Structure formats: structure tokens, C-alpha cells
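Peer 1: Here it is, the structure in full.
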Amino acid sequence: MGKGFYISKPVAIACVVIAIAAVSTIIALSVVYAQEKSKSEVIPTPDPSNPPSTTPSVPKEPWQHYRLPDSLLPVSYNVTLQPWLVPDADGLYIFKGQSTVVFRCVKETDLILIHSNKLNFTFFGKYHAELRGLNGAAAPPMTNSWLEVPTQYLVIQLSSMLKAESMYELYTEFVGELADDLGGFYRSEYTEDGVKKVLATTQMQPTDARKAFPCFDEPAMKAVFHLTLIHPHGTVALSNSLNYEGQNLTQTSFRPTEVMSSYLLAFVVCEFDYISSVSDTGVLIRIWARRKAIAEGQGNYALNKTGPILSFFEDYYDIPYPLNKSDQIALPDFSAGAMENWGLITYRETALLYNPSVSSNGDKEWVLTVIAHELAHMWFGNLVTTRWWNDLWLNEGFATYVSYLGANYGEPTWNLKDLIVINEITGVMNVDALASSHPLSTKEEEIQRPEQITALFDSITYSKGAAVLRMLSEFITEEVFTKGLHSYLDEHKYSNTVYKDLWEHLQMAVDAAGINLPESVEVIMNRWILQMGFPVVTINTQTGTVTQKHFLLDPDSPVDRPSPFNYEWIVPITWMKSSSAPEKQYWLVEKEGSNPEMINGANEWLVANINMKGFYRVNYDSENWERLLTKDVPVINRAQIIDDAFNLARAKIVNITLALRTTTFLNKEVEYMPWEMALSNLGYFYLMFDRSEVYGAMQAYLKKQVTPLFEHFKDITANWTKIPENHTDQYNQVNAISTACISEVKGCKEPHHWIPANLRSTVYCNAIKAGGVEEWDFAWSMYKNATIAAEAEKLMSALSCTTQPWLLNRYLKYSLDPEKIRKQDASYTIVSIASNPIGQPLAWDFIRANWDRIYNEYGGGGMSFGGLISGVTSKTNMLKQLGSATASLEQWVDENKQVVFDWFLSETSPSL
């Protein structure tokens with residue numbers, strides 16, 4: 001699944017104007033999040049329609065456990081559902097259903113537990129279901145049945161035992177609400193040609209299939225699904241598999257699915273249109289969306305890229321695509337970015353639709369990488385599924401990593417494999433450098449409840465998972481990595497695994513290739529997945545000594561989580577001594593090591609972690625730092641040196657002026673990655689010093705550094721009349737203009753009649769920032785009438801740029817009104833407002849005042865609490881709210897304020 005909460009890459013890049021001044025202070029984010037997360041478990045008002053939980057702290061009965069017993073295994077489901085796309089007499093949208101699940105008894109039991117949530121059952125006599133024996137087996141009579149609301153079970157007690165190895169079927173009839181909560185079987189609404197349209201769609205992952213029909217709703221409970229949808233005239237029904245031909249126009253039955261987990265089931269009833277093609281291997285590819293979006297060609301880019309990316313993954317895994325069709329559908333309301341339902345992938349509109357006239361190159365990249373991410377899951381996650389959610393990192397981390405490979409194949413001139421460093425790795429290193437981080441993999445028993453599962457969908461799971469798998473692929477080579485993947489997928493297809501199964505197959509591939517590692521794949525990788533954090537590697541080029549230490553942004557923060565490895569890693573260190581010298585590798589297997597080859601000669605310099613292949617930071621002796629500041633190192637490492645130095649300075653490992661000096665070359669730099677990294681890190685300084693005399697000196701320095709970049713892009717675009725040809729140049733053009741406008745470079749705000757799509761966010765934001773209510777209302781009208789999701793997203797973000805508090809407060813109120821802001825966009829809107837320094841305290845107060853409502857009405861799928869809390873927490877809020885937790889932060893500001901001010905002043909004062 002695509003990440004639950006994020007501001008997509010295109011919007012993140014385009015909104016540098018507001019983001020530079022509002023980068024969150026990562027040191028304390030986790031503290032606030034932990035506080036709010038704990039509140040979220042006790043503050044919400046209980047649903048009066050459900051009885052209070054009677055589940056004791058130590059469960060005694062089977063139905064008081066959140067995990068299913070191992071006595072029953074599903075074989076197949078036969079489900080018929082009928083959604084009503086108009087409200088009933090009570091104003092509710094509902095669906096009716098009936099389900100027959102065939103299951104095998106593995107161990108004798110007189111108890112049936114099957115998941116069910118928010119379903120109202122038809123009674124058969126005194127009971128919620130009917131049980132029948134198959135193949136001559138006798139079905140014991142029921143003695144009791146009830147809904148165990150806290151653990152979300154339908155519980156059925158029997159008068160005698162179900163027999164081991166016998167087959168049975170359980171029949172139920174039920175009604176559910178087709179709510180707008182973005183989970184299970186839910187409704188989405190949109191307007192087309194002035195007419196309100198309603199569609200029914202699904203989002204099952206991780207634990208919401210049970211909201212659509214009773215099921216054994218765990219990943220290891222794979223089964224075949226037979227589905228029939230009864231739907232209104234004029235609508236089309238879609239599901240994971242193709243429908244049978246010749247069905248009644250209002251009843252569509254689908255061919256059986258492959259054996260799969262319940263969370264991968266999907267179905268949609270809508271009035272959409274589609275475009276289609278057939279891949280080279282005969283796979284039917286269809287892109288579904290609103291009729292107007294299809295007519296405008298917004299699905300063409302996705303259709304053109306899906307076939308090649310599917311072919312790439314068939315070659316990469318060396319296994320044919322397991323299905324005969326790939327439907328992809330863009331939904332107006334969807335909580336995540338996308339969902340890898342097998343054969344019917346669901347997307348937000350911004351993640352599948354692209355209109356070249358108004359969509360930026362970042363929008364285009366987002367569509368490409370999300371498609372690649374979801375298609376990667378068709379094998380890794382769907383064909384082979386991890387046994388339980390504690391290994392979610394393997395599923396999502398892997399898809400995130402290889403999505404860059406698939407996208408790179410789709411657009412080979414974009415150099416996307418390098419952008420994983422900016423898009424995924426550096427950001428998650430800041431999160432993982434907190435004492436409150438968590439390991440990638442945990443024990444199964446630690447992840448039980450649905451809310452614990454949902455909490456796993458975070459940046460550690462996706463981005464750190466991708467980073468460590470990328471590192472593994474690099475040190476065993478991609479060829480060996482893919483051979484191990486093939487054997488892993490081939491052996492475990494249509495079944496479930498744990499992470500050790502992958503290590504086993506990769507080890508076999510390593511052994512077959514004769515690759516020499518200091519330890520086994522499992523021993524090396526367990527250090528990276530079973531303990532949180534990562535090391536800072538310090539290389540002394542005078543002595544050749546190499547050491548490692550757990551890196552923490554706040555070195556004084558206590559680490560309460562124990563580590564089985566004492567926070568030491570087996571580190572693959574890649575390094576080189578000049579831009580033309582060959583790359584070498586050294587393994588640091590203990591806390592300290594020595595490598596004489598790393599001793600510098602008189603005119604030599606050394607840079608380590610080439611292209612940031614490894615998940616660690618690098619520090620050097622002072623002499624090597626001085627040499628690196630004057631040398632032309634590879635572009636990714638130029639970005640890495642900036643990021644490492646700033647983070648080492650925040651951790652009090654190096655002097656703050658060293659970090660600032662890594663930016664002095666920027667007035668000669670035109671590449672995107674170093675500039676993006678510098679702006680990201682300088683944003684922390686903007687946040688820390690925005691109300692002091694440092695701010696003016698910092699502005700002057702930034703103006704001096706960005707002016708040559710601004711002029712460079714003015715030249716290569718013929719005075720802004722052309723779009724740069726290079727993909728990352730288009731990103732850096734946005735950086736140049738945004739930063740130039742912030743620092744008041746001459747010519748930045750000159751009016752132009754033509755606004756390229758890449759610059760619309762910047763222009764919109766500056767216009768609203770400089771205007772008043774008239775400009776805001778005009779932009780709001782544009783947003784409400786936008787028919788292209790990418791354009792609506794740009795306007796939605798720009799509306800938060802106003803400097804008038806009352807408009808920001810009004811916008812905050814709009815964010816919780818589904819008639820004005822879709823539920824899927826509520827978090828995004830609030831965080832965008834918090835990105836505005838004026839909006840930071842307003843957003844924080846708004847969340848606290850509306851916490852009950854946010855939790856109860858948006859907690860099911862429309863809101864990510866981790867992203868929300870992190871996004872609205874500013875320096876000011878943290879200083880007021882966290883007290884002693886920010887003592888080190890305040891100390892850092894006090895210690896560095898004068899030094900930073902003097903440095904900026906010295907860099908901008910005229911030479912005498």
C-alpha cells in the first residue's frame with residue numbers, strides 16, 4: 001500500500017516557499033506523537049451503539065485474543081453484495097450481503113471465531129449463522145452465538161467438536177453501512193457536469209475486510225474468493241478477477257480469484273469509463289476513472305507505463321505476472337496513495353491521473369513511482385505474503401525500493417534510482433535517529449490489535465525498509481539479489497513467509513555466486529532490522545582507525561529500548577580517495593576497526609558511503625573534512641556531505657560552522673540533489689532562528705548563494721519561457737525561484753503571462769500570501785471547481801499561504817467539513833496550514849480542541865495521527881508543551897545563536 005499520510009513529492013518540491021520556514025524539529029516530534037498516541041487510546045468517546053469492552057488485560061477466553069486460533073483454515077468464500085448508492089429512509093447508505101465460507105478443521109474444536117466488524121446479521125432461529133458439514137461430515141448444533149465487539153469476532157459455540165480434516169461451510173446474511181469512512185466497503189462521492197455521483201469501493205488493508213463480510217481476516221488465512229455484485233443499472237462492477245460473460249446487467253459475478261489473503265480483495269461499483277491495452281505477454285490492462293477524466297486523456301500516461309513496468313518486473317523476478325488482467329482505478333476518495341489489491345489496484349486520483357497541461361513533472365513522477373510500487377506487490381506481497389503484520393516492513397520496504405527500479409525502467413532518462421536518496425533515505429534517517437524510534441521487525445506477539453497494526457504503516461516501515469534492502473542488494477550485487485528473490489518467490493508462491501525465509505534464499509544465492517561476506521546474510525541483516533537506529537561511522541584518515549556509535553540527534557536522550565546487539569552493526573563501508581579512483585569496500589564488524597588503506601597521503605582526500613548505498617552517517621577527522629570542502633566529489637556525495645555535516649552538528653559531534661561551510665560551494669552548484677539537501681537542512685535554522693537577528697543575516701547569505709542559480713535557470717529557460725529538459729533540473733528550477741523569492745532576489749516576482757505547471761504552486765502561494773480575502777476566495781473557488789486532482793492539490797496547498805489568521809482559522813474549520821474538504825485530504829490541509837509560521841499555533845490549538853471529533857470521525861482511514869501530529873508540531877509548540885524534553889533543544893539554540901549569526905555575517909559582509 002502507498003503511504004498512509006504524506007505530502008506527495010510534487011507538492012513537497014513545489015511548496016519550498018512555505019516549507020523552508022517550517023521544517024519540523026525532529027528531535028522532539030516523537031515525544032509529542034507518543035503523548036498524542038497514548039491519548040488517542042483513551043480520549044475518544046465510546047460508540048454508544050456498541051457495548052463497552054469486557055476484554056480483560058490478560059485474556060482468558062479464545063475470543064478475547066486478537067489473533068485467530070489455529071484450529072480452522074478457510075478454503076473459499078462465496079460472497080454476494082448489493083450496495084445502495086442512494087440513501088434509505090433514515091438517510092443512510094447501506095449494503096446487503098450473504099456469504100458462505102468453506103473451511104477445513106485443522107484441530108478439533110467446538111468453537112468458531114470469524115472476524116466481523118460493524119455488520120448487522122440476520123438471525124437463523126437464535127443464531128447469527130448456519131453451519132453445514134461437507135463431504136459427509138456432520139455439523140454439530142450451535143449452542144450460542146454473539147458478536148465480540150472489542151476483538152471484532154462473530155463467536156459461535158457448538159454442542160460438540162468439529163472433526164480434524166473435515167470440511168464445513170458457514171452461511172451468513174448481513175447488512176452494513178456504506179459509510180464515507182474510507183475503510184472496508186465504503187462510498188465515495190464526486191460531481192460530474194453538476195450532478196452528484198456516488199460509487200462504492202473498498203480498502204481492506206490491514207483489517208477492514210471484516211467490515212465488508214465475515215472472514216478469517218489475517219494475512220496467513222489465504223483462500224479463493226467467488227464474488228457477485230448486484231448493482232444499479234448504468235453502473236459497472238469490478239473486482240480482482242474478470243467477470244463472467246453474459247451476466248444480467250445488474251448482477252455481475254466474477255471468476256474465482258487466486259488463493260490470496262483477505263486484505264487483497266477489492267470490488268467497486270461505479271459509473272466510470274476506461275481505456276485499455278494488452279501487454280506483450282497478453283495481460284489485459286485497463287485504467288478506470290471518472291468519465292470526464294478518461295475523455296480528457298488523464299489516464300493515458302498510466303496506461304502507457306503500466307505494460308512496460310509489468311514486463312520489467314516479470315524479468316526482474318523471472319516469474320510471469322500471475323493474473324490475466326490488471327485493472328487500475330482512480331478514486332475521488334481514498335485514504336492512502338494506492339492499494340495493491342491483486343488485479344484491481346485502487347489509487348487516489350493524484351497517484352494515477354496525469355494531465356500535461358496542468359500537472360507538474362513531480363506529479364508525473366509520483367504517478368510513475370506509485371504504479372511501480374503497486375505492481376511490485378503483485379509478486380512480492382500478493383503471490384507471496386508475509387505471515388503476520390510484524391513483517392510489514394519487508395512487504396512495503398521492498399516495494400518502495402524496487403519501485404525506483406521499475407520507474408527508472410519506465411523513464412530511463414530521469415535517473416530515478418538516485419532520487420531514492422532524497423525521497424526516502426535522508427528523511428527517514430532523521431526519524432530513526434530519535435531515541436523513540438523502533439526496529440523494523442518486531443515479535444508477532446507485540447503486534448496484536450488493529451490499531452497496533454495500523455501504526456506500523458510509517459516511514460520506518462517504508463523508507464528505512466527500502467534503504468536497508470537497497471544496501472543489501474548493493475553489497476551482494478543486484479544480480480545475486482534477484483536470483484535469491486526468484487527462488488524465494490518460486491518456492492513460497494501462494495503461501496506465507498517470515499523474513500528469515502528471504503534471508504535463507506538470498507544466502508543460497510550468495511553461496512552459489514561465491515561472494516565472501518564477513519557473516520551470513522541473516523547475521524548481518526538482523527543487526528539492521530531487529531534493533532532501531534543506525535551508526536555514525538567515524539574514519540580517521542591520519543591513523544586508519546574506523547569506529548561506530550549509535551547515532552542520536554539528541555545525544556543526551558535516554559535510550560530505553562534494549563538492543564540484542566548492544567547497538568552495534570556490521571557495516572558495509574564503501575569508500576574512495578578521489579573522483580577517478582576505484583570504489584573499495586571495507587566491513588566494520590565490531591565497534592572499532594582499522595584499515596591502513598584509508599590513511600590519506602599528502603594531497604589525498606577520502607569520502608565514504610559512496611552514493612549513500614549504506615544506511616549510516618559518516619564523520620571524519622578535521623583534516624579530511626577540510627579537504628572535502630574544496631574537492632569535486634560525486635554529486636550524491638556532495639548532497640550526503642551536507643546532510644551528514646548538519647546532522648552531526650545537531651548531535652554536537654562536529655562544529656556548527658563546519659556544517660554551514662558545506663554550503664559555501666552552492667553559488668557554483670546547479671545540481672538538484674545538493675541544493676535540495678542544503679535547503680532542507682537550512683530550513684532547520686530558519687525554524688530555530690526565525691525570530692532573532694540571525695534571520696536577516698541568514699536571508700542575506702541565502703540570497704548571495706541562490707542568485708547565480710536563479711540566473712542560471714533564467715538563462716537556460718530563455719527568461720522563463722521554456723521548461724528545462726532535464727528532469728531534476730525542473731525540480732531545481734522550483735528551488736531556485738522559491739528560494740529567490742524568499743530571499744528577495746531581484747526579478748523573482750516580475751509578472752509573467754505564462755505559468756509552467758512546475759511553477760504553479762510557487763506562484764499560487766506567493767499570490768495568496770501577498771493578497772487578502774478577495775484573492776483567497778478566488779483561489780478557493782478555483783479549488784472547488786477544479787476537475788483535475790493535481791491542480792486541486794496545488795490550490796489546496798496554496799490556500800494555506802495566507803498571512804491572515806482569520807482566514808487560516810476558517811480554513812481549519814473547512815478541513816473537518818467533508819462538504820468542503822474531502823476526508824482523505826483533511827490531514828494534508830491541517831499540516832499545510834501548520835507549515836505557515838502564522839498557522840502553526842492555530843493548527844495545534846485546533847487539533848487539541850477537536851481531538852474527539854478527529855479521532856471518532858476521521859480515525860478509521862481518513863487521518864494518519866502520526867503524520868498529523870508531526871506535521872503540526874512546531875518549535876514554539878514544543879517549547880511550550882514539552883518542558884524538560886526540549887532542554888537540549890533550547891541549549892542548542894543558546895550555544896549556537898551567536899556563532900551562527902557571526903558566520904552568516906562574515907559570509908555576507910563586503911571584503912575589506
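Even glycines carry a Cβ here, placed using N, Cα and C.
Remember, TrEMBL labels are computer predictions, not curated facts.
Here's the feature list from TrEMBL:
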- 41-60: region 'Disordered' (REGION)
- 45-54: compositional bias 'Pro residues' (COMPBIAS)
- 301-528: domain 'Peptidase M1 membrane alanine aminopeptidase' (DOMAIN)
- HIS373, HIS377, GLU396: Zn(2+) binding site (BINDING)
- GLU374: active site, proton acceptor (ACT_SITE)
- TYR462: site 'Transition state stabilizer' (SITE)
- 605-882: domain 'ERAP1-like C-terminal' (DOMAIN)
Peer 1: Which ones, of the recorded positions HIS373, GLU374, HIS377, have a Cα no more than 10 Å from the Cα of TYR462 (site 'Transition state stabilizer')?
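Peer 2: Of everything listed, nothing lies within 10 Å of TYR462 (site 'Transition state stabilizer') (Cα to Cα).
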Peer 1: Between GLU396 (Zn(2+) binding site) and GLU374 (active site, proton acceptor), how many Å separate their Cα atoms?
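Peer 2: So the Cα of GLU374 (active site, proton acceptor) lies 10 Å away from that of GLU396 (Zn(2+) binding site).
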Peer 1: Starting from the Zn(2+) site formed by HIS373, HIS377, GLU396, give every other residue of that chain whose CB sits within 8 Å of the mean position of their CB atoms, in sequence order.
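Peer 2: Neighbours found: MET1, GLY2, GLU340, GLU374, ALA376, PHE380, GLY381, ASN395, PHE398, ALA399, THR400, SER403.
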Peer 1: I need the least crowded one of these binding-site residues (HIS373, HIS377), counting other C-beta atoms within 10 angstroms of each C-beta.
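Peer 2: Selected from the binding-site residues HIS373, HIS377 on minimum Cβ neighbours within 10 Å: HIS377.
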Peer 1: Tell me which residues of the chain lie with their Cβ under 8 angstroms from that of the residue listed as 'active site, proton acceptor', as long as they are six or more apart in sequence?
Peer 2: GLY2, GLN328, ALA338, MET339, GLU340, ILE345, TYR347, ALA399
